[in-house]
Amino acid sequence: MALRTLVSSGKTLGRFSRFQQQIRGLQTFTLPDLAYDYGALEPVISGEIMQLHHQKHHQTYITNYNKALEQLDDAIAKGDASTAVKLQSAIKFNGGGHVNHSIFWKNLAPTSEGGGEAPHGSLGWAIDQHFGSMEKLIAKMNAEGAAVQGSGWVWLAVDKELKRLVVETTANQDPLVTKGATLVPLLGIDVWEHAYYLQYKNVRPDYLKNIWKVINWKYASQVYEKECP
Ligand SMILES: [Fe+2]
């Protein structure tokens, strides 16, 4: 009997209850609002890029993620293991795209709202301890971000078990968790061409050099302090 049938019949046992809830309320995802206007990050990131990036690129990941989840739900209901496995790459790519961009928008802020202001408090101290200085961290992330082949992301993360900062990169739309279950992203920089090509003419290092002027360190600090109180 398919799990869906079990669920709808109400005959599930306690051990199924959590899964039952997930099946009943198949989650669909929607585009999160930005906390600032599209043009608010200019001149660092143009309003045109922000609008396209948010409304077209991020929305497409969400649309395809929802579609893949619905197909997965159908495959499970039908007991179609082959299709369920086949859908994993679409779920990873599009779900990762949604997860990554949702973090990215929070990592940015207009200069009038503190964008680019270096972190004070425990995160600023930890950056100095782990990397030597903010300038050294920026140089490291810029170098690793520029070296990502094709499309991907460069991250500043905290390992919540080891309580230490790390810089990582991920390919395509792989979320940071694929590099380690204990890694929590503080700051993710999108190095896909769609993030900068209209304005920086595909010169990724120029985009990386400038983006620090609108980085929302307040958000990164809040996440860090939650993980390392
Ligand atoms: Fe992107």
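Keep in mind that glycine also has a Cβ here, set from the backbone N, Cα and C atoms.
Note: TrEMBL annotation is automatic and uncurated.
The Mn(2+) binding site annotation in TrEMBL covers His53, His101, Asp190, His194. The domain 'Manganese/iron superoxide dismutase N-terminal' annotation in TrEMBL covers 28-109. Residues or ranges marked as domain 'Manganese/iron superoxide dismutase C-terminal' by TrEMBL: 120-222.
Overlay of TrEMBL annotations on the structure.
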residue: His53; record: Mn(2+) binding site; CB count, 10 Å: 22
residue: His101; record: Mn(2+) binding site; CB count, 10 Å: 25
residue: Asp190; record: Mn(2+) binding site; CB count, 10 Å: 26
residue: His194; record: Mn(2+) binding site; CB count, 10 Å: 14
- Hey, for the Mn(2+) site built from His53, His101, Asp190, His194, who else sits with CB inside 8 A of the CB center? His54, His57, His58, Phe104, Trp192, Ala195
- Within the domain 'Manganese/iron superoxide dismutase N-terminal' (28-109) only, compute the mean pLDDT. 96
- Message: Which secondary structure state does DSSP assign to His53 (Mn(2+) binding site), in the simple three-class scheme?
- Response: helix
